[in-house]
Structures are given as C-alpha cells and as structure tokens.
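In what follows, a single structure is set out as structure tokens and then discussed.
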Amino acid sequence: MDIEERINLIAQKPTEEILTIDRLKQYLEQGIDLNHYIGFEISGFVHLGTGIISMLKVRDFQKAKVKTTLFLADYHSWINKKLGGDLETIRKVAKGYFAEALKVSLKTVGGDPDEVKVVLGSELYEKLGIEYLENIIKISMNTTLNRIKKGITIMGRKQGESISFAQLLYVPMQVADIYSLNVNLAHGGIDQRKAHVIAIEVSDAFGYKPIAVHHHLLLGMHIDENIRQKLLEAKKTNNRELFEDSVIDIKMSKSKPETAIFIHDTPEDIRRKIRKAYCPIGEIELNPIIELVEYVIYPILKEPIVIENKKTHQTMEFDNVEQLKEAYAKKQIHPLDLKEYVAEKLIEILEPARKYFLEGKGNKYLEELKNLQITR
C-alpha cells in the first residue's frame, strides 16, 4: 500500500479534520510508524456514535497499517461523575461491558478486534508511576488556566458552567495520556479538538509533535428545528465556540436513551426510535436520518440505496449518498419512506452485536451493567 492510499484511508469519512495533513504525509514519507489512540469515558450503553462511528475510523486506521489502541479512561470517568461517580463500578464496566462493546462494534464494521490494544487508564498510570505525574506537570507548565477552562467542552460541559477543581485536571490528564502512551496519532470526535490542539502546542516539551484526527459526531434523534437553525448559524458565521457548545446538546448521547440507537437495541426499539426521529422534509443538512445513511449504513454496506414508496410500492435506487441527498432535497422521497429504509438497514447491520449481547457470551456483561445502573 502506497502513501497516498494510506492517507486516503485516514482522511475518508467519518474523518472531518486532520491536524495536519502535511505532518501526516511527512511522517509516512519518513517511514515513521503511526501509533494511534482513542479514549473513551466509561458510562452507559454504547450507541452508534461511540461504537460504530469511532470503530469505522479505527477500521480505516488498521487498513492503513496504523497500530491502534482503545483507551478506557476510568479516572477521567470518575472525575466527570459517570456511573454515579463510583470508581469501582467504572472499572468493572470498563473491563467488562465497555471493552466487549467496542470490540464487537469494531468487528461489526469490518475491523479486527484481535489487532487492537485495549488499555485501562489506571493500569497505565500504575505502570508509569511518577512519570505520568511529571507529564501532567509539563503540560500544565506549558499552557494557561484560561486554555484549560475553555477545554472543558471535551467533557461534555459548556463554557462558563460551574465545575470542580478535579474537572480542571481532566484536560491536562487527557493530553498526558497521549504522550504517556507514546501516541503520535491522537483520534477522537470533533468535540475532542481542544485537548488535541493543546497536545500539539505543548509538543516541544516531549520532543515530537502528534497528529490529530477528528471524526464526525453523529446527531441525536432529538434535534429540533430551533437547535438546527442555531447550529446552521454557527456554521455559517464560522463561530466555533457556539458550534462546540451546541454540539453538546445535539450529539447522540447515552444519557438520552430515546435519542440514541444502542448497538444491542432490539428491532422494535430501533424502529420506534427512528420513527420518532426528527427528519425535516427536503432538508439534508443536519438531518439525523440522512446522517445515518451517510455515516453508518452506506460506509458499512457499500451497496446501492433502495427506497420504497410505501403508498405506490415503487422504488428509487441510488448508487451513492449524494444521489440520495439530491432526490431528498427535491422532496422526491418522503421522510417516512427514508426512515423505513434506515431502520431496516440498522437492524441488519447491528445483528451481530445484538445477538452477542442479547443471546451470546456478552449477555452477562449487559446484564451486569443493567444491574449496576439499577442499584447505584
């Protein structure tokens, strides 16, 4: 595989941004091995954004001959009060349900779970000892309190929101994870951009400059026209601060279960959630149902998109997402017909994950998490 092919794999959807493409090319031309990581907070059930979108990108990295790592951030989750703020529970879920869910998701999208390294944060810190603390101090000495405060959006917190002092540690800890793992390719959703920019800015203290790759954040099913217009205005005026604050409200979130598709949802759950989802007729930008076709269904199935009109029983076939968008923008497709297609294809794609967690070996991990959520 040549350099151009590797770059194309890294840059293709769901990638939205590479910081920077020139540095990526330089590293590849120099024959530098790329060491990747993506970090995850440990909370509730894994949805399409966490499982499928993230793992689609990990799959691409694997194809591009990048060493991939999934980092289970138990201390970060504790700081951010996930799973009731119980560290023991967080670790149990991390090593059980969460690790399994990510591996199953990677396999579902065509990646190789046997070729990905899974690292628990606390185990890394125990191994590194004082070195990890030194990394945090180095980072803190090379950035400002104002930058750290602005970076709290990586935790799903809005700027100006009241936070604990521990939560201020979150950003330098995340940056320290990158250097502590010897990562030169940091990966995350576009909401993680601020931490990765700080990592690049403090790179002189560590002797090398990492690349950052940011993937698309999947919209939640609950977006409405008011939120949509706010986001469109932020994009139009290139107001990154407003956009990043708004993304917290509209991205698919496990804390709002009716707005998220989980990887082990039943067919009935998927159909119900898709049926209720926001899908404005003729609008293709910031439309969560269109996004599911563009970022989940088409990249995985790689097959023509066939939409059936339920009234006339006539079908329309599209070779790619752009053709579908064009027809939808012209109001040639009814939202209900598009929703029907999306629901059935998601049911098909998620069948392996659903069987693993509802009927197979993964059921014990799913039930364990359910019980922990009830008793905590």
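Positions of Cβ are set from backbone N, Cα and C atoms, glycine also.
Take the CB of Y37 (L-tyrosine binding site) and look out to 10 A: across all protein chains shown you find 23 other CB atoms. What Swiss-Prot lists as L-tyrosine binding site is Y37, Y170, Q174, D177, Q192, and the listing cites sequence analysis.
Residues annotated as ATP binding site in Swiss-Prot: K254. Residue environment of K254 (ATP binding site) contains 17 other Cβ atoms, counted within 10 Å of its Cβ in all protein chains.
As annotated by Swiss-Prot, motif ''KMSKS' region' applies to 251-255. Residues 43-50, 189, 191, 217-221, 261-262 of the same chain sit 6 or more residues outside the motif ''KMSKS' region' (251-255) yet have a Cβ under 8 Å from a Cβ within it.
Helix, strand and coil counts from DSSP across the motif ''KMSKS' region' (251-255) read 0 helix, 1 strand, 4 coil. Taking the Cβ of Q174 (L-tyrosine binding site) as centre and 10 Å as the limit, one finds 25 other Cβ atoms among all the protein chains shown. In this structure the alpha carbons, written CA, of K254 (ATP binding site) and Q192 (L-tyrosine binding site) are 17 Å apart. Over all protein chains present, the Cβ of Y170 (L-tyrosine binding site) has 24 other Cβ atoms lying within 10 Å.
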